[in-house]
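Undergrad: This is the structure, below, for whatever I ask next.
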Amino acid sequence: IRCFITPDVTSQACPDGQNICYTKTWCDNFCGMRGKRVDLGCAATCPTVKPGVDIKCCSTDNCNPFPTRERS
């Protein structure tokens with residue numbers, strides 16, 4: 001499977017055994033100005049996250065593009 005990987009947001013082949021792409025988003029101190037922080041990558045299973053962190057997992061090539069920021 002191929003997933004987008006941060007920080008470069010390039011499509012890369014995942015290591016053997018990692019067949020899930022994820023998009024993790026959360027707010028830091030600059031959320032109001034910059035929007036949510038985004039982490040993209042590969043995983044063997046969908047990661048569990050802390051409260052306040054959103055995660056989306058998928059299992060097709062390049063299914064985790066960088067999310068577009070919602071304009072307020």
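For all residues, glycine too, the Cβ spot is worked out from N, Cα and C.
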Undergrad: Say which of C27, C31, C42 is recorded by Swiss-Prot as the disulfide partner for C14.
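TA: Among C27, C31, C42, the cysteine that Swiss-Prot links to C14 by a disulfide bond is C42.
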Undergrad: Based on the record in Swiss-Prot, give the one of C3, C27, C31 in a disulfide bond with C21.
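TA: Of the candidates C3, C27, C31, the one Swiss-Prot pairs with C21 is C3.
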Undergrad: Could you pull the disulfide partner of C57 out of C31, C46, going by Swiss-Prot?
TA: C46
Undergrad: Taking just the CA atoms, what is the gap between C42 (disulfide bond) and C21 (disulfide bond) in Å?
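TA: Given the Cα positions, C42 (disulfide bond) is 5 Å from C21 (disulfide bond).
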Undergrad: Within 10 Å of C3 (disulfide bond) (Cα-Cα), which of the disulfide-bonded residues C27, C31, C46?
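TA: Taking C27, C31, C46 one by one, none has a Cα falling within 10 Å of C3 (disulfide bond).
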Undergrad: Can you tell me the CA-to-CA distance separating C58 (disulfide bond) and C27 (disulfide bond), as a whole number of Å?
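TA: Here the two Cα atoms are 22 Å apart.
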Undergrad: Of all the disulfide-bonded residues given, C3, C63, which has the fewest Cβ neighbours within 10 Å once its own Cβ is left out?
TA: C63
Undergrad: Among the disulfide-bonded residues C14, C21, C31, C63, report those whose Cα falls within 10 Å of that of C46 (disulfide bond); none is a fine answer.
TA: C21
